[in-house]
Amino acid sequence: MASPDAEMAAFGEAAPYLRKSEKERIEAQNKPFDAKSSVFVVHPKESFVKGTIQSKEGGKVTVKTEGGETLTVKEDQVFSMNPPKYDKIEDMAMMTHLHEPAVLYNLKERYAAWMIYTYSGLFCVTVNPYKWLPVYNPEVVLAYRGKKRQEAPPHIFSISDNAYQFMLTDRENQSILITGESGAGKTVNTKRVIQYFATIAASGEKKKEEQSGKMQGTLEDQIISANPLLEAFGNAKTVRNDNSSRFGKFIRIHFGATGKLASADIETYLLEKSRVTFQLPAERSYHIFYQIMSNKKPELIDMLLITTNPYDYHYVSQGEITVPSIDDQEELMATDSAIDILGFSADEKTAIYKLTGAVMHYGNLKFKQKQREEQAEPDGTEVADKAAYLMGLNSAELLKALCYPRVKVGNEFVTKGQTVSQVHNSVGALAKAVYEKMFLWMVIRINQQLDTKQPRQYFIGVLDIAGFEIFDFNSFEQLCINFTNEKLQQFFNHHMFVLEQEEYKKEGIEWEFIDFGMDLAACIELIEKPMGIFSILEEECMFPKATDTSFKNKLYDQHLGKSNNFQKPKPAKGKAEAHFSLVHYAGTVDYNISGWLEKNKDPLNETVIGLYQKSSVKTLALLFATYGGEAEGGGGKKGGKKKGSSFQTVSALFRENLNKLMANLRSTHPHFVRCIIPNETKTPGAMEHELVLHQLRCNGVLEGIRICRKGFPSRVLYADFKQRYRVLNASAIPEGQFMDSKKASEKLLGSIDVDHTQYRFGHTKVFFKAGLLGLLEEMRDDKLAEIITRTQARCRGFLMRVEYRRMVERRESIFCIQYNVRSFMNVKHWPWMKLFFKIKPLLKSAESEKEMANMKEEFEKTKEELAKSEAKRKELEEKMVVLLQEKNDLQLQVQAEADSLADAEERCDQLIKTKIQLEAKIKEVTERAEDEEEINAELTAKKRKLEDECSELKKDIDDLELTLAKVEKEKHATENKVKNLTEEMAVLDETIAKLTKEKKALQEAHQQTLDDLQVEEDKVNTLTKAKTKLEQQVDDLEGSLEQEKKLRMDLERAKRKLEGDLKLAHDSIMDLENDKQQLDEKLKKKDFEISQIQSKIEDEQALGMQLQKKIKELQARIEELEEEIEAERTSRAKAEKHRADLSRELEEISERLEEAGGATAAQIEMNKKREAEFQKMRRDLEEATLQHEATAAALRKKHADSTAELGEQIDNLQRVKQKLEKEKSELKMEIDDLASNMESVSKAKANLEKMCRTLEDQLSEIKTKEEQNQRMINDLNTQRARLQTETGEYSRQAEEKDALISQLSRGKQGFTQQIEELKRHLEEEIKAKNALAHALQSARHDCELLREQYEEEQEAKGELQRALSKANSEVAQWRTKYETDAIQRTEELEEAKKKLAQRLQDAEEHVEAVNAKCASLEKTKQRLQNEVEDLMVDVERSNAACAALDKKQKNFDKILAEWKQKYEETQTELEASQKESRSLSTELFKMKNAYEESLDHLETLKRENKNLQQEIADLTEQIAEGGKAVHELEKVKKHVEQEKSELQASLEEAEASLEHEEGKILRLQLELNQIKSEIDRKIAEKDEEIDQLKRNHLRIVESMQSTLDAEIRSRNEALRLKKKMEGDLNEMEIQLSHANRMAAEAQKNLRNTQGTLKDTQIHLDDALRTQEDLKEQVAMVERRANLLQAEVEELRGALEQTERSRKVAEQELLDATERVQLLHTQNTSLINTKKKLETDIVQIQSEMEDTIQEARNAEEKAKKAITDAAMMAEELKKEQDTSAHLERMKKNMDQTVKDLHVRLDEAEQLALKGGKKQLQKLEARVRELEGEVDSEQKRSAEAVKGVRKYERRVKELTYQCEEDRKNILRLQDLVDKLQMKVKSYKRQAEEAEELSNVNLSKFRKIQHELEEAEERADIAESQVNKLRVKSREIHGKKIEEEE
């Protein structure tokens, strides 16, 4: 086996940066360490430091740190240190002591050794090294390929490879979640993941070249090239990171069936678009701007009309402009190359650069404020021209759209003015929108290019998203990011600890399941649930006047004090203001909500968007083509989601994308990578403790440790534990005796002095609490030290003894050598010895010569043989080479064929498996889709219903507002409503009758629906979910109703306030009326003068209108002239340019002529002609220039003259305009006041009408319930009478049943023997339990599924046992039949038995086949776990278990044979059988539990054999049948047993009911009646089954099984129906009493309402009569006024013109009375008018003198006129009398008008008081009804609880599914009818509203006529006064003339 260092050699130069060497590990383990005194201690500056405990006193610990400090801290501030062997451990979850300082220092020490990757349980934590490390080299990629996680050091490649291998083996999508703060290395790790997949799964196929011939690459190149492009447009420099990703992304890499790359796509989230227009001082904008300006591609500078200096552009120069670590020029080339590789067309590429340049130009757009206005106007057009050119727009249209956007008001568009700041904000928003949409569009295009249309099998998703952020200033973006991390942490907790706890469950450890994912639920719900932060934010965005303050107030009202996660922040000095705090899992974050509403709405200038949509740049038009009709998806989703006409807020879009992301992640197997930034200064190797701890908390690493400590984080396999810790007590495990590892571990731990509550034994592992394993390690180290010390002593002793023996042997050898040397020295001079020395060599030489001769001969022979063999060898080698070549060729062919065959087989197997899986998935998805479609349809209908109800409620509110203002108009509408309600109640009665019939029909069709039980149960679950959702929606609506009630109370208070204001207004109006009268007297003197000036004013107004029209025409003409001037200028510029070109050409030609010298005469003539043409063109150009200048001068002069004239006219009209505007503003104020009053009153009225309608609906519902209850009571009475008649018969049957039950006691012995046998089998099954443990572990998923099936089967078994009692009666009835038919059926039973035996044999064969298949599956799983041998043992044990099952079945046969013999003895002993049956039931329950435990271990065999298991269960049940077959006997036995217990209960109920009350007797009789009908039906069905048995035995078994199931269901259904009827009866009785009480109260309320309406009608009639009187009086006044006017016209025809002027002046007078405050300004104008009028008076006096002259000329005719004068005097006297009479009449009329006013006010007050009283009565009644409704709701809630309980029971079986579905349809019909009802109510309300509007218009018309009559009376009075004066003057003149 290779050493660890040798294994690490495969990593090359990266090995030291990945894992410690073996030498370092040994040195670490040998470090001196004291586990009791070595600790971590809390330090004020460095968070934690290492130290040594000096002393402990009174809860305080004194620690000496490594730096020499001595600290005294509390005990809980000291943390134990891990042993040295855990130093730089690769997986921190394996540490003995899990706490913050241990994690921190492990990361720190590994980081100091440049090991930047560390595991922490499921996490991989990586620390940014801030330097290049050779850990991503190609050899590292290859070294990690195919390695398991524990086989290789921690690395991002290991995570990637594990995900890849899991995808291939588990056939499941994978995801890698990479999170961390900015600068922690998320993007780098993401790129490394993509690099790894692109390397190991490269398809190697070139993409097809497109026709355009643009640059293409492989799919791997394109995936890798997507990063530079996205980084250029989505990355920027921040304070912490020079290349920070300012967006999140989820990259999905799709693989084919063989694991090769198939395609990829990208989704992006939360692009920081605000960086486009603003950067902090130490940051800069996105890289692409600076890459373009790097001048690497000068053609871009020219194309984009920009410079190379970033400071020329405001948007990109607010921070830094260069980054030392980034070469913008190289990055530009990489970006440009990536665009080409990714397949963007040339036009698209140009559009990308142009739009980027346009964004830069946008930042330089300047605007200024117009003089004397707030309107913005462009300050120069050069920048706008550049931006418009790049965007394909018209510059003038762009500036106009920015300064004068068009806004839609109603159905019309209105031009709106913008201030400078508004325009700048609009430009910034547009720049950000263009950049963001372009970025998202590029992602879509990248996805289209990466979609190769190759078949996809699975994908691996890589999530690179910002980590948790806690800044000094946290805004909306931080909330979104933190919320995302909150959801991801919840996902991690759920995933990690669900797996952890599932392992506890799998290992059989007692553990209460804890959902750690719920730890974060409170914070998540606070943010995203209804009425959460996002919900309130979106709601505020819908209100036009909402502000940040109102948003904050709503947050406080909704959550402050109600949620622990929502807090009010404490103000801190030196920090930004915070408005609220949220308690996240990573800490408490203070948020500032400034500008959240605008950020969430993200408004854009729609006028500019319209220009974008018409842009000549197709890409820009495409970006905004669907603006307003499409919600933008995040990132790379193809297409978008329609959202209709409504806008989608940023928060809603963010939540939608987040939900999609979480759905994607939940469908995958996740892997987690947490990136850590070690320090703020980007210093390699340095680590700041507090910063790292903060990130560990934010990333959830410490949270994971916290939760991990609650469980058993350390676990060891039994074999490993036994081997490692046996040394602690070797005597507990004796040598030479085999002991199971689990038992050995239990004995070993039991013999050690440790806390035995700190560990648990699983099936395969022993689990330890945190810290206990470290204690065992310490004990093991101590024991090993002791053992090693003894071993060293023994070894040293043994070595010394060996050394001693060696020394003794050396001594003896030395003695021997010395002896021999001494002897030789003594004999070496002896002569004979010398002779021996001489002769001895000679003897050897003679022999050697002979040997040499022989050897030469042999050498020659051998040489010849060698030559021959060499020749043969060469021939053979040549042949061998040829054969080897042929062999290799054949082997290659065979290998190729084998590989291709294996690949084909593998692909075939994979395709078959894939097909099966896909078919199953398709089936599941289809079923789920159908269910979801049904749910969606139901939810959509419910949603529409709720929306309709909401809209109708709003409309009802509006209707009620009008109704409250005119309460007296409601009588007719109420009568119509009552009639409609009566009709609808009749319709509902008919509907209820129909529904009752349908219910009966459904009960009759009940048997047919039983076969669909399983499908319908699923539907019930979905319906229940839908119901819960609807209940939640109802709760939300109830909450909104409470808010509406609060709003109503506020409106009531506002109404009372407005009523007080109205009274004050009335008082002020009376004062104004008095002032008016006084002013009338003053103004009458000026009437004549005003009448003349008024005509002039009208003429001036007409002239002003004409001048305004003329001004507009002139302005239009000016614009046209300006356009013409501009055109002339352009043409002039062109002409100038053309002239310059011609002159330049002329000069060039002249130069050429001079150079040519010897030109011919023809050339000279041509030159002269050209010169003449040039001269002519110059003259034409000069003439055109002069003409243009003359035209321009004339136009300027004309424009100046018209401007001067218009200026004078405008000044004249301006004064008139100001006057009219003042009048208009005051009228608007009055109209607003009246509208607000009307609105408040109408709202209150709407609330009342709404309550009335709800009460009427409740009344109708109560009436229908009452009638239904009455019908049920009648039915129950009839049933009661019938049951009483049958009581006697059932009493007799009960006595028979008593005798029958007494016989059952004899079966006790048989049952007890059966129980003993089953217990014996149970013991055998328990013995097989351990053998099947490993098999169960590998098939745990299948076990879960089959366990659910088994539980269902056990429930069915329980139901069969309950049905046993029913079969007892059948046995009694069939006994006679069996006695008569026994002989005939014997043969049939024998045949059936043979067939059953054959089926049993087939089943056994099927079992064996399934066992073989299970074995193969087990081998596959165990091969992955290196446990093939264990699996074989498990399979054998499983076969043994099957044999045990067969044996068990035979025992059942024996038991049933005994039952046949003893069945006749079970008909006696009633009293004893009751007690014994109870004990028997408890024993059976225990047996059932034990049997369940045994069968839990056999469920692996049932996974592929569901049908077989069902057949075996059927056989087991069929064996119990007495006479027909073994299977029937088993069923009959269970039937009899269950029937016995149920009949006992029935008899007990019967006896109790006979002794106590008649009600219980009725229930018993109902139950017995149902049982009787069920038994009769079962007898008939059994007869049919017997007939079928004669025809086809196999079909009989199946039909009997189905029939038995039907009987069980029907019997349970009958019991349930009985209980349901009882519960319904009780509820209906309660509801009947409440309904009666409510009906009486409703009738009383109706009578009160009708009385109130009568009073209101009386008031209305009085008001109408008053109005008729006023009309008559007004008509009389009109007639008199007309007479007076006619007389005045007869007397003075010349005053007609004055009369017309007078009317106009009177109108002005009325306006003046309404504007008392403006009279002072008008008086000044009247003084000026007076001067003009004095001149007019002079003219009138001259005319008067002319008239006197005419009178003097008539003196000659005086005598003739004396009589006429006398007559005229008499007529004058009459006229004076008439005038006096009219004066009196006028006064009387004035008094009458005043009285009418008073009466009208009184009538209005009475109406208001009556309305108030009525309102108060209605409010009191409403409160009473609300109280009753609350009580009714409480009672209904209790009823609903009963209904829910009933529904839960119904879910278990069949009937209610169909009934619920029909109920839903019925409710839908009822909803439709109710909607029609609501619509009819709405129509009635509209009719009432129209009637009230007609009456209101009549009243206003009458009031207006009255005012006109008053005006005419005043006019008549003034005319009479004038006539009086003139008549006096004439009379005086006549008297003077007579005198």
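Backbone N, Cα and C atoms are what each Cβ position is placed from, and that goes for glycine too.
Note that the structure is predicted; figures quoted are calculated from it, not measured.
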Range among 190-204, 250-264, 715-729, 760-774 that Swiss-Prot annotates as region 'Actin-binding': 760-774
Which range of 612-634, 658-680, 980-1002 is region 'Actin-binding', per Swiss-Prot: 658-680
Annotation match for N6,N6,N6-trimethyllysine in Swiss-Prot, from Lys552, Lys1086, Lys1834: Lys552
In Swiss-Prot, the member of His155, His756, His1138, His1797 to which pros-methylhistidine is assigned: His756
Feature N6-methyllysine, as given in Swiss-Prot - residue among Lys36, Lys545, Lys955, Lys1841: Lys36
Residue carrying N6,N6,N6-trimethyllysine as stated in Swiss-Prot, selected out of Lys131, Lys408, Lys1327, Lys1486: Lys131
Averaged pLDDT score, the region 'Actin-binding' (760-774): 84
Which of Gly180, Gly185, all binding-site residues, has a Cβ with the fewest other Cβ atoms inside 10 Å: Gly185
Fewest other Cβ within 10 angstroms of its own Cβ, chosen from the recorded positions Lys131, Gly183, Ala184, Thr187, Lys552: Lys131
Cα-Cα distance linking Lys552 (N6,N6,N6-trimethyllysine) and Ser182 (ATP binding site), given in Å to the nearest integer: 30
Glu181 (ATP binding site) and Lys552 (N6,N6,N6-trimethyllysine), Cα-Cα, nearest whole angstrom: 29
Other CB atoms, at most 10 A from the CB of Ser182 (ATP binding site): 18
Rounded inter-Cα distance in Å - Glu181 (ATP binding site), Lys131 (N6,N6,N6-trimethyllysine): 18
Other same-chain residues whose Cβ falls within 8 Å of the Cβ centroid of Gly180, Glu181, Ser182, Gly183, Ala184, Gly185, Lys186, Thr187, the recorded ATP site, in sequence order: Asn128, Arg240, Asn241, Ser244, Gly467, Cys675, Ile677
Rounded to the nearest Å - Cα separation of Lys186 (ATP binding site) and Lys131 (N6,N6,N6-trimethyllysine): 15
Counts of helix, strand and coil residues, the domain 'IQ' (784-813), according to DSSP: 30 helix, 0 strand, 0 coil
Cα-to-Cα gap, Gly180 (ATP binding site) vs Lys131 (N6,N6,N6-trimethyllysine), nearest whole Å: 18
Cα distance (Å, whole number) from Lys131 (N6,N6,N6-trimethyllysine) to Gly183 (ATP binding site): 13
Between Ala184 (ATP binding site) and Lys131 (N6,N6,N6-trimethyllysine): CA-CA distance (Å): 13
